[in-house]
Amino acid sequence: MSLSDLYTIPSSSSWFRWDEIHDEERRSLPEFFSGSAFSRNPRVYREYRDFIINRFREDPSRRLTFTEVRRSLVGDVGLLRKVFQFLDRWGLINFGVPGGESEEVGAGASAAVVVEDGAPAGVKVVPAASAAASERGTVGGGGGENGFRLPPLTSYRDVFIDEMPGKGPLCGNCGGDCDSGESKSSKGGYSMCTKCSEKKNNTEEKTTDDLKVNNHGDGNEDQVSNTWTDAESLLLLEAVLKHGDDWDLIAQHVRSKTKLECIAHLIHLPFGEHMLGPTSSKLDNRQPSSEVTQVKAAKSPVTELSEESIKAVGEQHIDTDEQEKAVDVSSPAHALKRRRFTSFSDATDSLMKQVALLSTVAGPQVAAAAAESAVAALCHENPCALKAFEIDQDEVAKFGSHIMKDELESELKVEGQDLKEHRKRVGMKELYPEKNFGAATFQIRASVATSIGAAAARAKLLADQEEREMELLMASIIEMQLKKIRSKMKHFQELELIMEKEYAQIQHLKESILEEWVRILQQAFHSGIPRWRDSGLPKFLPNANM
Amino acid sequence: MKFHPPNSSKVPIKFRLPTAENLVPIRLDIEVDGQRLKDAFTWNVNDPDSEVVNFAKRTVKDLKLPPSFITQITQSVQSQLAEFRSFEGQDMQNKEKIVALKLDLRVSNTVIRDQFLWDVSNLESDPEEFARTFCKDMNIGDPEVAPAIAVSIREQLYKIAVQNVSSAREYRMGKKGRRGLENVPNSKSGNGALDLVKLFGIKGSIVRKRKEWYLYEPIVDILSNEEVEALDAREERNSRLKKKLEEKEENL
């Protein structure tokens, strides 16, 4: 049966198939499968079931009633009611239609969505369109208690915009209740609990303008009034050029907008990225190597860094404390924006780029640990390498520890540099310690170590993935076996049914033969034949009686 | 594997209503000194008879009827229970049989007309639950409607059960003379019973023909108070007429 439309059913009912009868159905409605009555057999059950479900799906937004169904089906109403209730209980009909026995709340085909405060935790309100994305609406087949949990869509707000006001604040992302203290559901907007919004900020920048976190509440609440005038945009750009990443200062400069709005708007400007680009790359240079995790570092070619960084270092000497402070303040906001993973295909052939990228993927701690162990292993393997590494073994170790942002002070002492003002610069200096060692040698060694480490980390990832795939395959094998067994069971059950039917027929036949015998005997008596001369017949009777 | 004979439903059982609970439908229609009591309810046969008196007292008290009603109610209920009990212990044929039941009743302002199929061999059926579902589906708010529907169903099942007792008796008698025993129940219970082979066989379709839908569709009317009064008056007249006729017959 091919259905052009998709329907929403609860994930717990994903067993349902048009073309077969599931064990659950056999268990719940045994009267159809015991073969005890002529009017109750599996075929009749399937016709009942299919008719009722099809009937419901003619108009899924309307509640189908039993009284309506029994009008068009031939059969015992008690039995029909059982089938109907079974389908209703499993949500195969009347799912998501408001006003039922089950207090399920969902979305119908139309946009009429009812959001209730006391909706059961298991049921999430889901826009029908997105639910239909998966086949027959089963989302996450194994989903237990949680039912649907779909990623928030950009259209989410549009769908729920009318229903949200006045209702309890529900986090659009995780579905949980927001603490009103942390984040308020803004009027007609889309609210999130702070936990989610943090997460989301990291991963997704696009929806930043959809977010309205509490601290922008003093401004105009409506999305409509969030439009930026050209003058304001100009002010913003000016401020960005002047203050870099210090959003507090920028907001002050723009005045009419809050910090968040400024950030959001800048992101949306077509050239916003480039505006932030130079400043942030500089920032990266200045920050400890742990900041390499921010992909921006990978983006700005590391090979070019040497020149640029020298400049940067030079600038840093001149830089005032104010600039320092700016870095500190802006770094969280900056991190929010920068944290994005570019794909591997973006990377060019440069080894350094690869290293940076790989270590980004693996994470700073992993990369550091990998680098250390890689170096150690190399030394162990090859005495030459050992010799080579021996010289600056401690340096490499320091490099690794640097990645972890620790013990920066000691590093500074060893380097003997005069740039002790701030720990954030140490990474930079450490990467380019021109004064103590040849920059090139150190770079090459460091890069080799890190690349090996990163490669190891990546290998680990790949191994993990392989393992998962193996598990998946195993699971599918088991499932196939189960299916096989199930189909065998079904076959046997059918056989059993046939046997029982035949047994019934034989029984019936026996009875009628017995009846026939009695009748013949009676007729014989009536017609005056005194006795059976043939003694074989009466003997036969007891046999038939069995 | 269960190998009990699958046609066990053919084996006669002791008389009872073919429902999950063996509740007897009772109908009261009593008139004393110009006051009339009409009621219908179900009674559990297994309840002790002393309960009947208590019930009557209670009813009279609740409805503020004169005490002379107590004996009348008790008598009426007990005679109906006695009639039911007279069948108990007798064999009843319990062959698979699906019958069309009809509803045509009025409860205060609500008029209900309906027809549906009922498996009278299903000893697990539940008229009360059916009636509840009916009222919910049809949005009937009057709490008296559902019990009235259930009683009406039970009355019809009662009648059929009594028929089954007599057909079981005939079956036993028929063993002597008549041949073709299968024909006996068919000819006897031709009223309303459906041809199962035709409907549920391989060729049959369980989806009813569209033009027959209206026959099996419930009709619920809500009457206005004037209409109810008119109907009441007419019924009153009819019952009085009937009474007079009966009295005449008795006099003759």
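Each residue, glycine too, has its Cβ placed from N, Cα and C.
Positions annotated as domain 'SWIRM' by TrEMBL: A:7-104. For the domain 'SWIRM' (A:7-104), the predicted model reports an average pLDDT of 81.
The compositional bias 'Basic and acidic residues' annotation in TrEMBL covers A:199-219.
According to TrEMBL, the domain 'Myb-like' annotation covers A:220-262.
Annotated domain 'HTH myb-type' per TrEMBL: A:220-273, in sequence order.
As annotated by TrEMBL, domain 'SANT' applies to A:223-274.
If you look up TrEMBL, you'll see A:282-293 marked as compositional bias 'Polar residues'.
Summarising the annotation, TrEMBL assigns coiled coil to A:456-483.
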Counts of helix, strand and coil residues, the domain 'SANT' (A:223-274), according to DSSP: 38 helix, 0 strand, 14 coil
The domain 'SWIRM' (A:7-104) - residue tally per DSSP class, helix then strand then coil: 48 helix, 3 strand, 47 coil
